[in-house]
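**Student:** Pulled the feature table from Swiss-Prot, pasting it below:
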REGION    25-44  region 'Disordered'
COMPBIAS  26-37  compositional bias 'Low complexity'
BINDING   E64, E94, H97, E178  Fe cation 1 binding site
BINDING   E94, E146, E178, H181  Fe cation 2 binding site
Amino acid sequence: MATERQYSPIDRLLLQADSAMRTLLPSSAHSRRPSPAIVQPDHKMSDVDTRHVAGLMRINHTGEVCAQALYQGQALTAKLPKVRKAMEHAAEEEIDHLVWCEQRIHQLGSHTSVLNPLFYGLSFGIGAVAGVISDRVSLGFVAATEDQVCKHLGEHLEQLPIEDGKSRAILEQMLSDEEHHAESALEAGGFRFPAPVKFGMGVLAKVMTKSTYRI
């Protein structure tokens with residue numbers, strides 16, 4: 001029976017640096033699953049709608065950048081190997097979302113947010129601190145974060161033009177995946193955050209969405 005490879009602290013730091021580069025450098029990440037948008041027809045949208053959808057997808061892309069950083073930070077400081085492995089697996093699944101959003105943004109003739117490095121650093125730090133506190137808090141933070149993401153995705157789905165089937169297919173699959181991540185984190189023993197904490201997280205999320213919609 002094969003044994004799981006043990007990484008030294010230096011190995012883990014190098015892996016984190018590699019993950020950060022693949023997350024932040026344009027077109028450097030690769031998805032495991034094809035984009036749900038591939039099978040959808042490409043309908044013409046007005047310039048106003050195109051810019052609006054690009055802004056929404058830019059928000060979602062930055063959200064995935066934050067998710068990558070959060071999971072990687074938690075994986076670095078998680079105490080139990082099974083929790084660390086779960087964080088690393090979740091980060092791999094989020095790569096698909098990252099790539100899909102980036103591809104759609106480029107199809108719409110726009111760009112990803114210049115603020116991504118800032119939000120990556122902040123999210124990585126939050127994830128690392130949560131992991132240091134306890135694995136239960138770390139998992140609970142995942143569940144609470146995914147709840148926020150699901151809320152944003154639902155709002156964005158309502159705002160999409162009816163003819164934009166490509167963006168809709170991407171966001172619907174992302175919503176399904178994120179709901180599963182939240183449920184899995186709680187089932188693994190995650191702490192259910194109280195309403196005031198979730199409210200504070202929501203305020204921070206609004207800062208991200210407002211700032212990345214245009215830049």
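Using N, Cα and C of the backbone, Cβ positions are placed for all residues, glycine too.
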**Student:** Most Cβ neighbours within 10 Å: which of the binding-site residues H97, H181 is it?
**Tutor:** H97
**Student:** Going by DSSP assignments with H, G and I as helix and E and B as strand, what are the residue counts for the region 'Disordered' (25-44)?
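**Tutor:** DSSP composition of the region 'Disordered' (25-44): 4 helix, 0 strand, 16 coil.
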**Student:** Rounded to the nearest Å, what's the C-alpha distance separating H181 (Fe cation 2 binding site) and E94 (Fe cation 1 binding site)? Just drop the number here, would you?
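**Tutor:** Spelling it out, the Cα of H181 (Fe cation 2 binding site) and the Cα of E94 (Fe cation 1 binding site) are 10 Å apart.
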**Student:** Between E64 (Fe cation 1 binding site) and E146 (Fe cation 2 binding site), how many Å separate their Cα atoms?
**Tutor:** 10
**Student:** Rounded to the nearest angstrom, how far is the Cα of E146 (Fe cation 2 binding site) from the Cα of H97 (Fe cation 1 binding site)?
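**Tutor:** Each residue's Cα considered, H97 (Fe cation 1 binding site) and E146 (Fe cation 2 binding site) end up 13 Å apart.
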**Student:** Taking the centroid of the Cβ atoms of E64, E94, H97, E178 as the Fe cation 1 site, which other residues of that chain lie with their Cβ within 8 Å of it, listed in sequence order?
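**Tutor:** My list of surrounding residues reads G63, A67, E93, D96, L98, V149, M174, D177.
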